[in-house]
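Quick look at what TrEMBL lists:
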- 1-450: domain 'Ammonium transporter AmtB-like' (DOMAIN)
- 21-39: transmembrane segment (TRANSMEM)
- 94-116: transmembrane segment (TRANSMEM)
- 123-144: transmembrane segment (TRANSMEM)
- 179-196: transmembrane segment (TRANSMEM)
- 217-234: transmembrane segment (TRANSMEM)
- 254-278: transmembrane segment (TRANSMEM)
- 285-305: transmembrane segment (TRANSMEM)
- 311-335: transmembrane segment (TRANSMEM)
- 347-370: transmembrane segment (TRANSMEM)
- 397-423: transmembrane segment (TRANSMEM)
Amino acid sequence: MQAGFAMLCAGSVRAKNAKNIILLNILDACFGCCAWYLTGWAFAYGDPTNQCSANSWDEATCAANGGPFPGLSKSQAFIGNRNFAMSNMDRTTYYLWFFQFTFAATGATIISGAVAERCRFEAYMLYELMIVLFVYPVVAHWVWSPFGWLSAWRTVDSASQQSYVLFAGSGVYDFAGDAAVHMVGGIASLAGAWVLGPRIGRFDAAGNPVDMPGHNASLTLLGVFLLWFGWYGFNPGSTLAITYGINSFSKVAAAVAVNTTIGAASGCLATLFIAMAYQYFTLGVVVWDLIIAGNGALAGLVAITGPCAFVQSWAAFIIGAIGGLVYFIASKVNLHVLKVDDPLDAIAVHAGCGIWGLIAGGAFAAPGMVNDVFGPLPGTEDGQRKYGFIMGGDGSVLAAALVCIVVVAAWVLAIMTPFFMLLKKLGMFRVSPEVEAQGLDVSHHGGSAYPHEEGKNGKALESFGLTADMVDRKIAEALEKYKKESGAAAV
């Protein structure tokens, strides 16, 4: 998925920033790995026993490995506290460490597109450490650890008969990361892009958006398809095993793969036709937008990520299609109302559709399928888990989802907004206007991503009787004018 994000981002920015955005995606994998190794795993899954991790409700195995409950403190409903730097970690759980690292890296990389073309390289490194060391792991613990206060995977210890009540009677149904991955990354993107401010020239003097298209639509769509392919590891892989003891997850994995495909397809088509209709009724022209279609597919994928394992195929179609609508509306609100510059629409795709995915789970979770995923409900005669209100449920799953949305958004905003403001106050967050105009590839990374184009540009300038120095002076004059106008507006 990192390759997909790298291509998506590279194609969506201007050519003068292609190297920079790809390097940020490399950092997400490398810094993210180090941060996950040091504290990320410990805060997310460092529980009394890693034998009782997500998708495990085998009480005998848990009891044989020390509980989970003996010596458990109330603080572990909020955060894990063991296995820092993988210390004292059972090697049989290494596969979980690796798989969950990929989720942490994915959540962290979402913001790279939202702050593209104007964020300082050093600031991004600090952000990467903050999000993977602490912010993401806490949310992952809440919703996926068997001890997290929002988790639907909370278990019962057969030895002590001590159990923890599931939040709202169900816990949060987030199978593959609408809350922990997409909301965390999307809300952090909102905070970062808002504090950082728009790119120079993104809005005119009247505050109207000025189009700044990416330089390579082919790279963008290559990124979309790589991400779509990666989602089959992201979603079906979240079963963690095809078999576990006497439990079989093969039918769950199959349903997840089908629903993921349907959600992506319906999201793409819905967004494509919605955007076409919008252009026709506002501008009187019919435009079939390639970039919109790609983002629509991603919107459908994000929307179906949380409920993919426990909704029926017809519901997956609806969830993906509404995800496309949510993305389109959120994108327009973000740009035209909030005036937030997000070059990749990361906020609309990940925060907007992540929220919708959690709500959709509360609406469409099917009775039989939730038990296939989470196991029988402890302490009940029939073991039936709560299910979606549209499917005849009592609204408990939706209530848990709404609380999750509020607390996750509050958690990320409460930490990341002051963090970004501090970087801005220290002058560490944004590059100078001169560097932004020149492009980050030349100023930070040793030259253009397309060096063969530089000679062509020089010849083109000569044909107009210009030189590079003359163009640089014009850019400097424009920047000086921009600074004066910005200062006057601020006064």
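Just so you know, glycine gets a Cβ as well, placed from its N, Cα and C.
Take the transmembrane segment (123-144) and the stretches 94-116, 179-196, 397-423: counting Cβ pairs under 8 Å, 397-423 has the most. The stretch in 94-116, 179-196, 254-278, 311-335 that contributes the largest number of Cβ pairs under 8 Å to the transmembrane segment (21-39) is 94-116. Across 94-116, 179-196, 285-305, stretch 179-196 shows the highest tally of CB pairs under 8 A with the transmembrane segment (397-423). Cβ atoms under 8 Å from those of the transmembrane segment (285-305) belong to residues 8, 12, 175-178, 181-182, 213-214, 217, 220-221, 223-224, 227-228, 231, 234-235, 259-260, 262-272, 275-276, 279, 311, 316, 319-324, 326-328, 331, 345, 348-350, 352-354, 356-357, 360 of the same chain, restricted to positions at least 6 beyond its ends.
Among residues of the same chain six or more beyond the transmembrane segment (94-116), those with a C-beta under 8 A of the stretch's C-beta atoms are 1-2, 5, 8-9, 12-13, 17, 20-21, 24-25, 28-29, 32-33, 35-36, 40-41, 44-45, 50, 53, 86, 124, 127-128, 131-132, 136-137, 140, 177, 180-182, 184-186, 188-190, 192-193, 196, 233-234, 237, 240, 342-347, 350.
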